[in-house]
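A.B. asks: Just lifted these from TrEMBL, have a look:
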{"type": "TRANSMEM", "residues": "68-95", "note": "transmembrane segment"}
{"type": "TRANSMEM", "residues": "121-140", "note": "transmembrane segment"}
{"type": "TRANSMEM", "residues": "160-183", "note": "transmembrane segment"}
{"type": "TRANSMEM", "residues": "204-222", "note": "transmembrane segment"}
{"type": "TRANSMEM", "residues": "242-275", "note": "transmembrane segment"}
{"type": "TRANSMEM", "residues": "287-305", "note": "transmembrane segment"}
{"type": "TRANSMEM", "residues": "325-343", "note": "transmembrane segment"}
């Protein structure tokens, strides 16, 4: 919304003809940053959740060491690198001749800031719940020391447990600051509004995403049990002679092409099991192909239908399909190259990608006919 405010002010103060190119670059920054930013955390985009969820379906109840903290440590540096490359590209394409300072925009931003109301008690409470959730996710199983999940029986506490605890908190905490020194009857307490109520949750909750993710996990389990994953991996055996970096480029290119016309969740659901099987057939670490394929599902920059941020930006009327397609193709190539380079260099610092893990070897052997 902040980006759209700046663009609107530009058009009003400088005229459409004089700042059209700059406004196009600014609104494109919004969808590009939203798409790239989603790769930084597990819950940043549904395709990341698909991969983490399918690990259990594909490899069983084994410790793959992939959790919220592991993903953050691995993906955050790549996210920053891709964001910097995207900023540089958008600047060269659209903002080379942009004004360095505009008093009208500065004044508009200052005025809007002053008009903002003070942070309410409800907003502070929601921020508190959000930070509690982050801490629970990070310290459940940090990796470099034992997390609090070891206080519970095996598999009894997952990241989903943390999410449910905080969700219950939202239904329990009041939306107004309580008076702790005044007695309230149970009837009066029931009348108090909470941070979240069932009607609001039921209306705004993305049920379609839940059904899509659940269907994807069911599909992955079916593919494994039916032996289809082994058959697909065997049929792709002709690719085994290719170097790993070439397979990563091929995998990402296919996923990026499809995710521009399909949901990134659907694309990840289809390709993550396939590349996982291919990697195990080659006796490579499954993450070496699963991660590039998953990340590629977020690099949908070319078409407005690629992701919701693309559609929102295109709907503003400040971007043409031609502009999005050209800059999107350039950004896609950049992100592909940076991801492959990262997977074959710095990623090895955070993940043991050079090794073929025992959990993948055991599972692979057990599913072969």
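In case you wondered, yes, glycine gets a Cβ from its N, Cα and C as well.
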A.B. asks: Residues of the same chain, at least six outside the transmembrane segment (160-183), with any C-beta under 8 angstroms of its C-beta?
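C.D. replies: Sequence-remote neighbours of the transmembrane segment (160-183) are 121-122, 125-126, 129-130, 132-133, 136-137, 140, 192-198.
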A.B. asks: Between the transmembrane segment (121-140) and the transmembrane segment (242-275), do 3 or more CB pairs sit under 8 angstroms, pairs being 6 or more residues apart?
C.D. replies: no
A.B. asks: For the transmembrane segment (325-343), what are the same-chain contacts with Cβ under 8 Å, counting residues 6+ beyond its ends?
C.D. replies: 28, 32, 36, 77-78, 81-82, 85-86, 89-90, 93, 245, 248-249, 252-253, 256, 260, 288, 291-292, 295-296, 299, 301-303, 306, 353
